[in-house]
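The annotation active site, proton acceptor is assigned in TrEMBL to E108. According to TrEMBL, the feature domain 'Radical SAM core' maps to 114-357. Sequence annotations record features per position, and here TrEMBL assigns [4Fe-4S] cluster binding site to C128, C132, C135. Under the heading S-adenosyl-L-methionine binding site, TrEMBL lists G183, E184, S217, S240, L241, H242, N319. Among the features that TrEMBL reports, active site, S-methylcysteine intermediate is placed at C362.
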Amino acid sequence: MATPVQLQFSAPKKGMPPTHLADMTDDQVREAVTGLGLPGFRANQIARQYYGRLAADPRSMTDLPEATRDSVREALFPQLMTPVNEISCDGGETRKTLWRLHDGTLLESVLMRYPDRATLCISSQAGCGMACPFCATGQGGLDRNLSVGEIVEQVRTAAADMRDGRVEGGEGRLTNIVFMGMGEPLANYKRVLTAIRRITAPAPEGFGISQRNVTVSTVGLAPAIRKLADEEMSVRLAVSLHCPDDELRDELVPVNNRWSVTEVLDAAAYYAEKSGRRVSIEYALIRDMNDQPWRADLLGKRLKRALGSKVHVNVIPLNPTPGSKCDAAPKPVQDEFVRRVNAQGVPCTVRDTRGQEIAAACGQLAAEERGA
Ligand code: SAH
């Protein structure tokens, strides 16, 4: 079957930001530091400040000689992103930040605080090349990949805000990361993986967030899912299935034309087997599109067959994007859908939908800012 829309698997190289400490290996940091005429041990000290103390401005690094702080700043800490808009809801416990990157592209991250955890939803690309018709980001196409620094900085700023009590609810800790913002993380594989290693390495090599608390969400790039499984990490995999049959999924998730439902579920099963973790299946429920009782039955059957007990379905009520004809399924239809999937022996729950009123669905804030 011909691919109905143009998918973009590779991003233009132009526009990538200047190199930041978080883009560098430990050896590269050491080289940069000695290049500035400083002794090598300063490299360690600076990395400890950044990953351990979440500091990114050498002017506040009092253990560095004052005369060196400006040159360290210039060499290792270019300003990668500036907040241009921040909106909150849920009594301040959900906060969405829109950032402008050095080349003017826009990027979003959302922080959601719960009684027992705080989850940051981060972006892996500026825009997205996967063209899913119900998703705001998918409509704008792919601008470029984010650098490791741009991914890691989203996490560092939120972790510092939590620690310093700048989020409603007092001082706390950032505990969970989900790659469910803009972009297809597995299409920016190498940088996303390097970022995950930095996010999860114990301080002072990284931020020390548990791999088990990091979720990578993908449209289903089957070979990349297998590759991720072979990394032998314990991050959670979420697959945006949204449909159990190829005919409709070809339309809803156009990359399905390349890797079918069967191929995606086989890759997900491989991931479950290698990681020992349950795979999350994301299902945005869209009125009169993918919400039929027979599709719920088929979804449950196929998941049971492919993944056994190593699966959980998250139903997400569709968050309508401006200009789209897609809408959420009515509540009784949703309830029946969930009931039927559960009846097949596959645990299925409705995803908490925080942030609807702040346009927190994928890409919506950036779309508003661009005047779309
Ligand atoms: N590209 C990755 C991650 C980003 S999107 C992926 O597709 O998994 C994170 C999740 O939000 C995906 O499941 C995506 O399909 C879903 N999503 C996108 N737009 C949505 C909308 N308008 N309403 C509900 N869910 C949406």
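Counting begins at 1 with the first residue displayed.
Glycine is no exception: its Cβ is also placed from the backbone N, Cα and C atoms.
Predicted automatically and left uncurated, TrEMBL annotations should be read as such.
Recorded features from TrEMBL, shown on the structure.
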residue : record                               : Cβ neighbours (10 Å)
E108    : active site, proton acceptor         : 27
C128    : [4Fe-4S] cluster binding site        : 28
C132    : [4Fe-4S] cluster binding site        : 23
C135    : [4Fe-4S] cluster binding site        : 26
G183    : S-adenosyl-L-methionine binding site : 30
E184    : S-adenosyl-L-methionine binding site : 30
S217    : S-adenosyl-L-methionine binding site : 22
S240    : S-adenosyl-L-methionine binding site : 25
L241    : S-adenosyl-L-methionine binding site : 27
N319    : S-adenosyl-L-methionine binding site : 20
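For C128 ([4Fe-4S] cluster binding site), the nearest of the recorded positions E108, G183, S240, L241 in terms of C-alpha separation is G183. Comparing S217 (S-adenosyl-L-methionine binding site) with C135 ([4Fe-4S] cluster binding site), their Cα atoms are 14 Å apart once rounded. Counting only same-chain residues at least 6 apart in sequence, those with a Cβ under 8 Å from the Cβ of H242 (S-adenosyl-L-methionine binding site) are C132, R249, L252, V253, E282, Y283, A284, I286, N290. Straight-line distance linking the Cα atoms of C135 ([4Fe-4S] cluster binding site) and E184 (S-adenosyl-L-methionine binding site), rounded to a whole number, equals 12 Å.
For the pair formed by E108 (active site, proton acceptor) and S240 (S-adenosyl-L-methionine binding site), distance between Cα atoms is given as 19 Å, rounded to the nearest Å. Overall, the recorded S-adenosyl-L-methionine-binding residues G183, E184, S217, S240, L241, H242, N319 cover a maximum inter-Cα distance of 19 Å.
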